[in-house]
Amino acid sequence: MAKWTINDSSKIYNIDNWGAELFSINKKGNVCVHPSPNSKYSIDLKVLVDDLIKRKIKPPILLRFMNILEGRIASISRVFKNAISDNNYPAKYQTFYPIKVNQQRQVVEAIANFGKKYNIGLEVGSKPELVAAISMSTGNNLPILCNGYKDTEFIETVLFATRVGYDITIVVEKLFELEKIVEVSKRTGIVPKLGIRVKLSSKGIGKWSTSGGDDAKFGLRISELIAAIEMLKQNDMLDSVKLLHFHVGSQITKIDKIKNALIEGTRIYAEMRKLGVNLEFLDIGGGLGVDYDGSKSSYFSSVNYSLEEYANDVIYQVKNICDDAGVPCPNIISESGRATVAHYSVLVTDVLNNNTQTLMPDFESILTESEKLSPTVKKLVDIYKSIDKHSLREDYHDTIQLIQESVSLFNLGYLNMAERANAEWICSKIIRKINSIVEKMKPIPDELQNFQLSLRQTYFANFSLFQSIPDSWAIDQLFPIVPIQRLDEKPDVLTSIADITCDSDGEITSFVGENGRTKALPLHKIKVDEQYYIGFFLIGAYQEILGDMHNLFGDTNAVHITFNKKTNYKIDTVITGDATWESLKYVQYDSQEILKRVRNNLEKDVSLQKVSIEESSHFLELLDKTLQSYTYLGE
């Protein structure tokens, strides 16, 4: 058999297809991160994590690669610039980052700084996001778009921000909202910059398809759009409308759905121009997807188009319809948050070593002394001895039947616990023996293709699924998971990944594989005393902000890293993860009050001689140390 290579590992984890040329495997068998596609510079993830641990930064660690963030902004801007040139498009393109995708200050700040030369803007949907965007725009002159529902306070804040020099556009979502805007504008004497969101009949596809279509949550129907135009005319505010916006959903997997929305949305733009609305911008919303599984398909974790194809279709469709309708082409805006930030962060954590010295039954003695076994267990031994490639199906089915029979006999009291344990042990041996034969078969019989799941072992990783990758639990989103080391060795254990929460839902059983979605993740058998790390990739969009504190596992340690040609990498920022006292504070516990209550109770016990002073003091020290410690597992 040929020696396992890093190319084999790249295939089974599909790195070349989902990695966007930002991730690779080096000759040491470690995962590397590149600042931009095809860059000759790289950071060895295993070396980086080892260095961070030497700095007392413990896993789980969220690694944020800021150069990738800059590169994604540049890539999106570049493909639109090329599409504009190729199609002789007479207007401009501008990207807006929807900060709901990842509101972390350092992330938004980096996007604001990187995006200056690309005239990037920020999109907000709430008062806290508005305030955050205003703070980031200060000194940077970043334009801001306001979507979502707005109350009077929100509208007043925007209008006075406009008065003092901020470039902010209010996007009207509902007719009653427009009435409020008109009222506040008249009362303050400040004319707003307005956009209108239209509700398209066209829909996206996948888990967010309801963002578009006639039943969408946001936007004006065509009849309401006509009414809005009339209201603006009556209040002499029609000239304040400069933008038309539509959005048909996040992570649109099929390019034809995007084309349909572009055609309908641009037709509405053209008709509004003919009605005398001097629109200057067409905001096509989000939807630009990320190929999480690398299949380049219309599956919900993938996309069947490239970044270049997306940009070309946007520019071509808008120009074609505007030329046909005889109206000026608009400046185009997109809100591609997911595609901007998904790739830039990686969560790395340790797998808890499952190597134990647990004594298992002496298999050889079971085989040689089978006459002492119960009839059910003896039948399993006979199957093990006689397995060959000609009887695989029958042997597999008989084994499953006998293991079920052993459970029934145990429940009825006819099989003791030792005999049931022997049945389980022999069953696992049979499955492994069958697997060793199946692996060599071409093709694998249909009935045996799924049986390998019975070999799947649960590997426990030091993280909270609900905190770090909640979409995996909530919507069955696929994220690439790869060991960051030993990729020059064949991974010989089929696994599922369980977190350390006390919840059965805290387990991942669907993974990115060589041929798309797979139900088991190949990992290595962990060596004694080995620190074995796995990385969760493409988690930069939504995961950090949607994460919750199940079991009070808090934010992880986070490290901002930039590439450095001299030292390979530079640590810009370290954000310490939540300590136990911080997680408790979220749910209204005060650490000092906890210590006070426990101390008072211990003093009573000391006075009654139930515990010694030394025991009381030692316990308080341990409790205080626990309050100051990371919420995740240590040694």
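Glycine residues also receive a Cβ, built from the backbone N, Cα and C atoms like all the rest.
What Swiss-Prot says about this protein:
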- Lys100: N6-(pyridoxal phosphate)lysine (MOD_RES)
- Leu282, Asp283, Ile284, Gly285, Gly286, Gly287, Leu288, Gly289, Val290, Asp291, Tyr292: substrate binding site (BINDING)
Cβ neighbours within the same chain of Val290 (substrate binding site) - under 8 Å, at least six residues apart: Gln251, Val303, Arg338, Ala339, Ala342, His343, Leu538, Ala541
Inter-residue C-alpha distance, Ile284 (substrate binding site) and Lys100 (N6-(pyridoxal phosphate)lysine) (nearest angstrom): 17
Secondary structure of Lys100 (N6-(pyridoxal phosphate)lysine) (DSSP, helix/strand/coil): helix
Cβ packing number for Tyr292 (substrate binding site), 10 Å threshold: 23
Nearest-integer angstrom distance between the alpha carbons (Cα) of Leu282 (substrate binding site) and Lys100 (N6-(pyridoxal phosphate)lysine): 21
Top Cα neighbour of Lys100 (N6-(pyridoxal phosphate)lysine) in the set of binding-site residues Gly286, Leu288, Tyr292: Gly286
Number of Cβ atoms other than its own within 10 Å, given for Ile284 (substrate binding site): 25
Proximal but sequence-remote residues of the same chain as Gly286 (substrate binding site) (Cβ under 8 Å, at least 6 apart): Pro98, His247, Gly249, Ser250, Ser334, Glu335, Ser336, Gly337, Arg338
Spatial neighbours, same chain, of Leu288 (substrate binding site) - Cβ under 8 Å, 6+ residues apart: Ile76, Ile252, Leu307, Tyr310, Ser334, Ser336, Arg338, Ala339
Cβ neighbour count within 10 Å of the residue listed as 'N6-(pyridoxal phosphate)lysine': 19
